[in-house]
Each structure stands twice: as C-alpha cells, then as structure tokens.
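Lifted from Swiss-Prot, the feature list:
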BINDING   167, 168, 169, 170, 171, 172, 173, 174  ATP binding site
TRANSIT   1-58  transit peptide
C-alpha cells in the first residue's frame, strides 16, 4: 500500500555507489565533493541511458524525449540514490508487518520495554529501526486509524538519520514524525517535536500522542502560560511537543533563574534529539529574529512623543533619505538643522542631552512600521504582526526603542524601555542538539544554506501519488488597481464555477482591501488574518476552504499545518456542528468580535444536512448540556466548555456506539453529557463524511482548489508554500500569481520598473491589462534570487556574529548551571578561585618582575587589596604600610630561605587558622594554580618574589574569610546559599551589561569597513576583550560583595550588588 517502488528501474546499468549501500547518521555528501569527482561517478549512468535512448529513438520521438530527459535527471541525482537506498528499510518494515499484526495490544505495548532492554544490552537504534517502525505503523493503525505509506517510512528514516525530509503538502508529515520520535525516545533522554505555534503543538500532542501513549511512552505538551511545575513535568516526558519560541524562551529563562527548583528543562543535558516541523520557517524565516528576554531600562519616555512630532515636521528626501532595503534612514544637513532648531539643542548627538536616537527611531516608525502591515493596534497597545506567518505576537516587542517610537506615533501609552538580559538566535539554539532533523514541504531551494549552516542535508521524499496541479503563468500588471481588479474577476469566475479559491495576501491591509472589493460585488467569502476576530477561527476556516463555492482570503498564515481537503474536513465540520449545538448551553461567554453578523461571511457555507438519527442524538446531547449548564449556572468559561467537548470527542475514538449507548442507559439519571456528546459526534461525523466525499468528488470534477498569489515573496520557497496548498495527495488544482510593479518588493530591491512598463506599453495601451511570458518571468526570478541572496547574507552575518557570542554564552551558562545545580562545595571553590584571581590581578598590575620592589606601586597595591576586603582586614592589616611591605619583600628576596609552607612573609601578619584554611583552599585551587601560577608574571629577576607575594595575599584573604564565616555561627547550608546568591547575582549583572555592549559593538564595527577592516574580525577581537574584562569585573565584584557581607554588622548585612 502506497508503494512507489516502481521508481526503481529494473534496467539500471550501474550499481549504487558504495557510500549509499548503507545509511549512517551523517551522509557522505555533507562533506565537500568536487564537481569533477561527482560527474565522473555518474558518467556510466549517463552512458547507459544514452545507449537506451538510441534504442527507443525510432519510436515516437516527441512523446519520449521529455520523459527520457526526466529519467536521466533522476538517475544522475544524488537524491535518487539516497531514496533508493531507503527502500531497503521499507522492504524490511513491510516484511515484518504480518508478524507485528499478529500481536495482541498488550504484546504490542510490551515491545517498548523489550526495545529498551535490548538497548541496555548493547544493541543500537539502527539494529532495531525496522522493527520499531513496524511497531509504530501498527500502533497508528489501531489507535488513530492511519497506516504509514511506504514513502512515509522513508520520511521516518530520513528524520532518524538527522536530515531534513522535504514532503509535499498533504503527504502526512505529522504522522511521519511518530516513527523517528518513538525510536529516539527509547533511549530515555527525551525527544522534542517542535512546531510553529501552540495550536499545532497541542493538536499533534493529542492526536499523535495517542500512538505513543498506546506504546507506553509518556507525552508532554508545552503551551504558553504554563507554570514552571507543569513545564518541568512535560519536559521530563519521553516525547515533548512544543513550539519553537516556547522552547527558546524556556532555555533562556532556565539560564536566568536563581532557584534550582525553577529549572524546567532536563539539566544538565536538556537537548537530545529534535524534530522541527516546518523547519524552513523556523530556521530560515525566523532566523533573522533572535529570541530576546528584556528587562526595564531607565530611559526618558517623555522624549518619544516629542521626537514623533519632530519626525512629522521632517520631509522625506529633503530632510532625510530612506533606504528601504536596509530599513535605515539618514538625516541630511538641512534635516539636522531643522531637528536641532525644533528641539532647541545645539547637537543631536550631545552625550549629555542625546536626541539623535529618539529622532531616528521616530523616522523609522514613520517610514517602515505601517499599521495593519507590521503591527495592529488593539486595546491601546501596538501588537507586532509576524510578517512571515501573519500572526499577532502580543508578547513580543521591538528592541532599541523602536516599539516606543511606534507607540508615540500612534498616540498610545508608552511602555517602559527595555534592555536585553538574555538572547539567542534560533540557529544557535538548535545547534545545541546533538542530533537534529526537520520536515517541510519546501526546503530544496534552501539546501545549500542548511548544509552550510547546520551540516544537514535535504532529502526529497517521493509523493505517494503524482502531482497533477497546474501552475498557470505569472501575470504582471503596471498598477495595483489593475492587479486587484483582475484578482476580483478571477475569484468571481471561479465562484461561478463552484471551485474553492484561496487568495494569499502579504498583509492585513491587503486582505481587508480585497475583502471590501469582493463585498462590493456581492461575493461571499471568509477572511483569515491577524485580527483576533478572524485568527480565533483559523482552523475552522481552513477546514471549509476546500468546499464548493468556498472563497478564503488569507495572509501568509494560510493555516499551515492544517490540510485543505477538497469537499471539506469532515472531522472539523462535525466538531463545529457539535460545538454550535452544545456550547451555548454550557457557558454564557460569547466569542469576542463576533463575525457572524456579516451576511457575506461563509461561516456556515452550505450547512451539512444531517440525518434524522443525528438530529435526535444532537437534541438529546443539547438537552443534557442544558441541564448541566443550568445546574452550574452557566458559570463555565468557554475554554472549559470546549475542553469538555474535546474530551468527549476523544472518548468517541476509543468506544463504539453500542458501548456509548449502554453507558448512557446506565447513567441516565445522572445526565451523562460526555457519552451523549460522543455518540452524537459519531453519528454526525458519518453524515459529514458522506457529504464531504460527495462534495469532494464534485470539486475534483470542477478542477479542485484554485490558489491566487497577489504578490511575489522575498523567497521562491514561500511562493511554493502557497502553491502547495493546492493539489495535495494527487488532487487536481491550479495556481496563479498576479503581481503589480507597485508592489513593495519591487521598490525595496530596485527592480527596473521602467523597463517593465515599457515592455507592457509595447504589448498593450491599457496599463490595467496583464502581461505574461518567459521574458517577464526571467526578470522576476532574477529579482527573487537577488532577494534570497540578500537575506541569506543577513542570516549568515547574524549567525557568524552570534557564533562569537555563543562561545561566551556557553561559558557563562555552563558556569551558571554548575553554580545552580552543583554541590554546595563547588560554590566555595569558585569563591576561593575568584579571591586568588583578584589578588593575582592586583599584584601583577602593580609590580614588575624586572624591577626592584622599591619601584613597584606598593601603596596602590595595598590600597586595592584593602578595598576588596571591606572591613575584614582592618584590624590585622591596620599597621601595614608601603614601607612595611617593601621591607618584607627585601628581606624575603635577600634571605631566599623562606618557603611558602610557612604561610607568612617577614613583617606581615600570619593568616588566622592558616593551616585549616589553606588545606581547604589547596584542594580547590590546585587546578587554578597549576594553570596560571607561574605564567602571570613574565620573566625577570623578581618573578619568584611576585609569585610568593600573590600566593601569600591570596592565602591570607581566603583564610580570613573562612575564619569569619566559622565564627559567624551560621550553618554550612546558609553559608553556601549566600555564596551561591552572590555568585549568580554578580554574574547575571555583568552578563546583562556585556550583552548591551556586544549589541552596541555589532552596530559599531560595521563603520570600520570604510577603513577596509573586516567587521567580523573586529567584532571577534573587541568582543573577546570585552568578555575578558567582564569576567575580571565579575570576579572582583563577587569578592568585594561576599567579603563586605561578612565583615559588616549582622543587623545590616546586605548583598552589595548594583
């Protein structure tokens, strides 16, 4: 079933390359292969086909030439050989199917424990891959009624091998993920299945989770708004479903917490294996936007409204220049003068009265941040629209004052400015996984980027059925008016035929413009965009988008992850009927922003006609819901009411109608709402399936779903995602792109619109008529390729810069986790190391191994040493002067007989309880002293003297600290918590400041390119210098804080950390 083994020709004249006769976790083509070697390896195949071509040329030449060319390309494609190799896995899985089918449910469940025992005995996952896949296939068939096709087995193998599986829309990627997720979860180290939003994560956890739970694995779900305890439990499960942003923020939050009980991930190894759904969206589209956690900064919010008024005074091109491609503005001399005059300041860049940043942000808000395109205003707040998905991200804010500038432009309350306290890019986040895989319908065009950035190949998995979608030629218009009018006509034409239509737009503004246009012509339709009144019903709209006469206008969100099934999705439609009948009796809440009053809304479309038995069951379920609602005073929230319906629908999947009816009869006096809803759902579902099957056949006869793209995107891949909505699983369908030369993309990337207008004028005098053909398509393709290269350059630069920061971040986060989760003694060891390191810096910074101590800065050395100790050394070192220390060093240098075991220097005080302190210190400092002891001071006659001095002062400081801690009377647990708190707080404080400095540096180094210096190399050098300085400052503040804490009066002890 579902086999595509006919793709493997029986007439192959050349065996598979040796490197492809067995699979491994990393494929050989991830390494650089010279073009010469590659073409030599495939030359025999080409020869073979040339021979075959000579045999068939005498037949119908015209009919065979295209197919022959395609066959040659198949056999010379590396992808062909890889897929061919995976058919060995398919054969193994298929051969095991009869044996697995014969197992009882209990025997099938017991396979999980058996696999884990075999792993413990030394077998590898590869040894049991085929059998595990066969077990999952059978479990899916028994639990959710779905059997993996052969091509889906290939997809599972690709995922397990740590590659990206490109599978076209409707090929069942969600089901494919169960294979690799189950196999890798057997190790007990945790598997993350990552989706692009909460809805898909919840859907997959509930739907595919049934397969895993049936086999005895635990399944977790991470959702926005969950508490730390819930997150911790769900991350501890064998398989965890989450979305990419929640995963990233949980990682960052775990590295900000000061309480080990608040850690939610599986530390010390939170990452094992991830399957990323829509991997191109996560790693490429979202790759330009790093994840940021911000804290409030002390900024003057009153400046933003003033700057917004100044921006309104300034005129584009006269007072400032705009670079659309770079999203940057530059003030002219005239603009600077006018701004300074309006603000009554002599210099916009005055450090004591800085206005430049506020004015530049106000101009950016004016030119680049458009309402209903980049953001919407709701409840007095400016909410970001993700331009790639079309969804509102209400928890996200633009950084560096841009969001405040937008709020000022809109006259909204200005929220507190922010500074970054933690950040990471998605590229760096997913590189933390030892094994990473992904799946999507559109990755092949970005294969080079995946290979270069992640060393992950893209494998194109064959479709189960041939693709018969028709992609109509692109139509180009000189004006936007002409484009929208032709879109309207095409929608009207398709509506007249009864074909469903999906229109893709790039913004809320465009979707609502087209909606108004269709309303004027009386064409009923649904709108799906970021506005909450539409977004809340995204899945419902997409479920009906394949029905006869359905017209759906959508932004880029386009319901990714939800298939558009011709004739409608019977399960979604049946659920909608149940909810319409039940919810109003259980809750008094209604959907905010009700859209059903619009007479042109297609919410109901043509209502599914349910049979008499279904109507009776619906009436009974409604009656019970009415009774339950009355007894509860309709106090349930809509969310709780929907969860009751969801639980009931899940029950319908595990019980047959007879069992449900018996349950209702047994509990009739208790008004068993759940069984009644489940029974009604099964009956309604049967009616919906019959209706959708009939309507789907009718839609197929008419030509299937028609997709209209109203603008080219900045990547061919995103255009292909929209095209992929039509023609799923061998269905008929068609697509058409209509573009205007006034579209923003042409302005942003400096397309030669004058050339295009001249070309159009040669063909027609009507500027509202379209042109199409190879000439214009080639130009548009070149434009998209340039855009792809540009954004690839941005992502590449972001990754390269973040790789520098990632080294530093890993050091800080590893240290943090060691302090947070390590033994109590590790905190003391770090305190001792920091004390010795700070003393080393003081001594080395004020001495010279080539000069006599009388030429050292002994007064400064002594002052700095006393300053770090608070009041701890006031009594013992009160009589020590520069002369005393000089005399001690001279005596020591002349005597040369004192050893460090004496733990003292002439004329200087002996450490209290010295031997006890040093014994404890030596165990912790051994590695530190081995590494840096004799390499800090350089060469010279007085090198040994410097080493003795810094070791003595370090010993003295540590011994004094241990003495005062012991005399405090506090127990060890309290002392270690104080140490941990000081260590974490100082580290966080300086890491936060370091991130601010590094962000400033990343902007500043670009200017150095004008001096022919490499910005990345400059960033590495200065960033390293900043990091070393940060670590030094962290150590010093830690030592100062901990010593000041213990040396201050007990009634006023505080952590002196700003």
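Placed from the backbone N, Cα and C atoms, the Cβ positions cover glycine too.
Features as recorded by Swiss-Prot, highlighted on the structure.
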residue: 167; record: ATP binding site; Cβ within 10 Å: 25
residue: 168; record: ATP binding site; Cβ within 10 Å: 22
residue: 169; record: ATP binding site; Cβ within 10 Å: 23
residue: 170; record: ATP binding site; Cβ within 10 Å: 21
residue: 171; record: ATP binding site; Cβ within 10 Å: 25
residue: 172; record: ATP binding site; Cβ within 10 Å: 18
residue: 173; record: ATP binding site; Cβ within 10 Å: 24
residue: 174; record: ATP binding site; Cβ within 10 Å: 19
- Not counting 167, 168, 169, 170, 171, 172, 173, 174, residues with a CB within 8 A of the CB centroid of the ATP site are 176, 441, 728
- Note on the structure: Per DSSP (three-state), residue 167 (ATP binding site) is coil
- Query: Hey, does DSSP put residue 174 (ATP binding site) in a helix, a strand, or just coil?
  - Reply: helix
